[in-house]
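Swiss-Prot annotations:
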type	residues	note
BINDING	S10, F11, H18, G93, V94, R95, E103, H127, A128, H129, V130, S131, S132, S133	ATP binding site
BINDING	S10, K42, L78, K92	substrate binding site
SITE	H18	site 'Transition state stabilizer'
Amino acid sequence: MQRIAVVPGSFDPVTLGHLDVIRRAARLYDQLVVLVVHNPGKTPMLPLEDRVDLIERVIRDAGLPATVRVDSWGAGLLVDYCRQVGATVLVKGVRSQLDVAYETPMALVNRDLADVETVMLLPDPAHAHVSSSLVRQVEALGGDVAPYVPAAVAEALAVRRAG
């Protein structure tokens, strides 16, 4: 039986921390779906389609195996998507105790609803301080985001800023 895991997130934009979690999760599971989810509580900087395209490019540039794919999910519970693709694990990157506290109740509900386990991966210390919201803030103020995001993302944001 293939072990399928899902790495969900808004990835707005995808960061080096995200890539680190994706890379490590790809070694742990037979198939990995990087799932770009629509969060109705957030107004995204990048449209969903652009985020999917960027993650596909980042995964290709990183040389990750074909067992890693990208998808999107805009409606319904995350566990509904997991059922649809046969995934039994959600992989979440957690940078701090605050992230663990935020993720724990959702992990328990996901296990109750669909017997989907949540695995929390700690970040590479070099990226522990990086978040998409930090990148958005730096970018909005005209700062250099290259230290925090894959090259494809830095290029796309520079093009977007140039107009």
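Each Cβ is built from the backbone N, Cα and C atoms, and glycine gets one as well.
Where Swiss-Prot records a feature, it is marked here on the structure.
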residue	record	contacts (Cβ under 8 Å, 6+ apart)
S10	ATP binding site	V36, V37, H38, N39, K42, P44, R51, S132
H18	ATP binding site	V7, G9, F11, G93, S132
L78	substrate binding site	V6, P8, L35, V37, L90, N110
K92	substrate binding site	V7, P8, V21, D99, E103, A107, T118, V119, M120, L121
V94	ATP binding site	V100, E103, M120, L121, L122, P123
A128	ATP binding site	G17, R95, S96, L122
V130	ATP binding site	T15, L16, G17, P123, Y148
Which three-state DSSP class does H18 (ATP binding site) fall into?
helix
Hey, of the binding-site residues listed (K42, E103, S132), which one tops the CB count within 10 A?
S132
Measure between the Cα atoms of every pair in S10, F11, H18, G93, V94, R95, E103, H127, A128, H129, V130, S131, S132, S133, the residues the record assigns to ATP, and report the largest value in Å, rounded to a whole number.
19
